[in-house]
Amino acid sequence: MESTDKSNRDLESQSTGASPSSPLLPKPQQPQHSPVLTSNPLSWIKGVPFLIWQFTENDFPTFILPNSAFGVFGALAGPRLFSDETGPTVSEVLWRIPIVILYNWYMTFIFDLANQRGADSVEEDRINKPWRPIPSGYATMEHARILLLSSIPLAMGMNWYLGVFHEGIWILVLVWMYNDLRGGDHMLRDPLIAAGSLGFNGGSLRLAGGVGRTVNDEGHLWTVMIAAVILTTGYIQDLKDQVGDRLRERKSVPILIGDGLCRAVIAAFILSWSFACAYFWRLKLWAFVVPVLLGAGIGMNGLLRRNREADYATWRTWCFWLIVLFSLPALSRF
C-alpha cells in the first residue's frame, strides 16, 4: 500500500522555484469545524460511514481487493492448501467473499487512520492529496485519533470472533512500527509491507477456507512465497516518487542502487516470480503464458518508459499482475 508520506511536495516547489515554506505555496487553512463531523451526535451518526469510506477509498483497488483475491483464489484450490481431505467447496468460498473483504477493509482502515493522522502527513496531503478527509476539512486529526482508539478494540474483537486473532495482532504491531516508529520512512518500508502481507493474506486464506479448517504447510508456504514476491518487487512503487524522495533525502531502493539498476532488478524478479509461481502450482505450459507475458510487459515498460506518469501506470499494472499470481491456485484446480 502506498504511504501518505511518500510525497512529491518538493517537486511542486521545484517547479515553481519556491521552497516548501514559500508564500508561493500557501497552505490551505484547516476548517475549525468539520462539515461532516461536529459535536452534534446526529452529525457523527450520519457522517462516520462517509468518512470511513474516504479514508480507505484509494486502497480498495490496489490493496483491499488484491488481498481478498489471494484468500478467495487460494481457497478455491481445494484441499491442497488445507489440512482436511476435501477442502472448501466453491459455493462455500463464494459465500465467504464478503467476510474476506470486510476483514481486509477494516484492518486497512486502521492502517490508514494511523498513517494519515500525523501532523507531517496532513501537511503533505494538503498539497499532494487534498481530497483526503483531514486536509479537505471533512475531519480533524482529533477525529482520526478518536476513530483509531475506537476501531482497534473493535477490530481485535472481530478478529477473535472470526478466528484470525493472531493475524490481526501481527498487523497491528506492524502498523505501529510503520507509522508511529516511522519505519515507513526508511529502508524498513518494503520489508514491513511484505511482512504485513503475511497477516492480510494469511487471514484472507483462513477466512475463505471457512471455520474449522486449518491452513496446511503448503498454504503457509504459498503465503510466504507471495510475501517474498512483494518484498523483491514491491519497491516498483518507489520509481514514481524518486524526485521527492531525493529532495527529502529518503533512502528508497531506486536512490540507493540507482534508477537503471533498480528497474533491471525489478524486471528480472517479476519475470522470475512469474515462472516460479506458475511452476509451484504445477500448471501446464499454456498456463504460464498470462503471468509471464504480463510480467515481461511490466518489466519492459519500466525499462523503456521512464517518467512519473508511466511509472504510476507500471505500478498499477503490477497490482494487477499480483492478482494474476493469486489466481493460479484456482486455475490449478479447474
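Including glycine, each Cβ sits where the backbone N, Cα and C put it.
These features come from TrEMBL:
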COMPBIAS  1-12  compositional bias 'Basic and acidic residues'
REGION    1-36  region 'Disordered'
TRANSMEM  160-178  transmembrane segment
TRANSMEM  221-239  transmembrane segment
TRANSMEM  260-281  transmembrane segment
TRANSMEM  287-304  transmembrane segment
TRANSMEM  313-331  transmembrane segment
Report task. Using Cβ atoms only, state whether the transmembrane segment (260-281) and the transmembrane segment (160-178) have three or more pairs under 8 Å that are 6 or more apart in sequence. Result -> no
Query raised in the report: Of the listed stretches 160-178, 221-239, 287-304, which one has the most C-beta pairs under 8 A with the transmembrane segment (313-331)?
Result: 287-304
Requested in this report: For the transmembrane segment (287-304), could you work out the same-chain residues 6 or more beyond its ends whose Cβ comes under 8 Å from its Cβ atoms?
Outcome: 236, 239, 263-264, 266-268, 270-271, 273-275, 277-278, 310-311, 313-314, 317-318, 320-321, 324-325, 328, 331
